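A.B. asks: For reference, the structure I am asking about is given below.
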Amino acid sequence: METEVEHTGLAIHPMDQFIVRKLFCHTESASPMNECTTNIHWYDITNVTMWMAIAVLVIAAILVLGTRRRAIVPSRSQSVAELLYGFIHNMVEEVTGHEGVKYFPYVMTLFLFVLCGNVLGLLPLSFTTTSHMAVTVPLALMVFVGVTALGFMRNGPGFLKMFWVTSAPLAIRPVLAVIEVISYFVRPVSHSIRLAGNMMAGHAVIKVIAGFASIAVVSPVVVGAVTAIYALELLVAVVQAYVFTILTCVYLRDAVGDAHH
Amino acid sequence: MEGDIAEMGKFIGAGLATIGLGGAGIGVGHVAGNFLAGALRNPSAAPGQMANLFVGIAFAEALGIFSFLIALLLMFAV
């Protein structure tokens, strides 16, 4: 990326919030491309790794503290943990069938990680880890590779029958097979980009509108607009975590579900 | 005048790419509208189809997000 970002229009550039920067690093430079944001090694602690670690801590806190004092009549924290568990368990059982419940822990892990990444990103001055494709692509690829491997392990070469649509007339089956194969390989792309795109777009919109607050006449309107969009983004954050999880379940169904589905 | 034709093309291309999001809007509205039409005819069956509703919306939305991605690539990566 050779072009330098010129700060001419808005006071804050809406995409500046997605810059990965090293922690424990001080710079005098005002430019977004300085020694803290370039030349990052895999072992550097960045804001991405920090907020992912915070997400893991939050998940652990919710589940460990929630189930510490188990009671027949659940306390509030226990209810939260139980509701999350029950919600995902129902989803896995409904979508993938009884066989898929074996893979519930992985789906639960994915859901909580994506949910915490999305929701923690809405805190002011925080960083949305799930807005980066470097985070969501591995998540989607793990599902893709896992489901493909699982499909072949459980069904053997019969897994390939998924691409041969027997309910269609014989003449168009080859065409359908090509389309099915393409759509199968587009899955991880759309799976990851949907999450990253939604998160990035929402946060950029908030930042763009917040940038108008420097104009005194419209600033009261801007405060209202940012509040409204913030509420919408909270909904989007939860819905996208839900969608990511339910798509994982849908893909899992292809591998573990009934062959005559 | 500053900048050059390539720079201009990037901005115009990014703007054109966002038109694709309109398609996502049509698609999502179609899914949600049809869900509502069906749900009002048979409200008792509606809760069981919520998962399908979200999956449908997600599939329709994904293609719009692709065009948003193209816009971002044009703006920041090309």
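Using N, Cα and C of the backbone, Cβ positions are placed for all residues, glycine too.
Pulled these from Swiss-Prot:
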type	residues	note
TRANSMEM	B:11-31	transmembrane segment
TRANSMEM	B:53-73	transmembrane segment
SITE	B:E61	site 'Reversibly protonated during proton transport'
A.B. asks: Let's check the environment of B:E61 (site 'Reversibly protonated during proton transport'): how many other CB atoms sit within 10 Å of its CB?
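C.D. replies: For B:E61 (site 'Reversibly protonated during proton transport'), the count of other Cβ atoms within 10 Å is 22.
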A.B. asks: Once the DSSP letters are reduced so that anything not helix or strand counts as coil, what is B:E61 (site 'Reversibly protonated during proton transport')?
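C.D. replies: B:E61 (site 'Reversibly protonated during proton transport') sits in a helix per DSSP.
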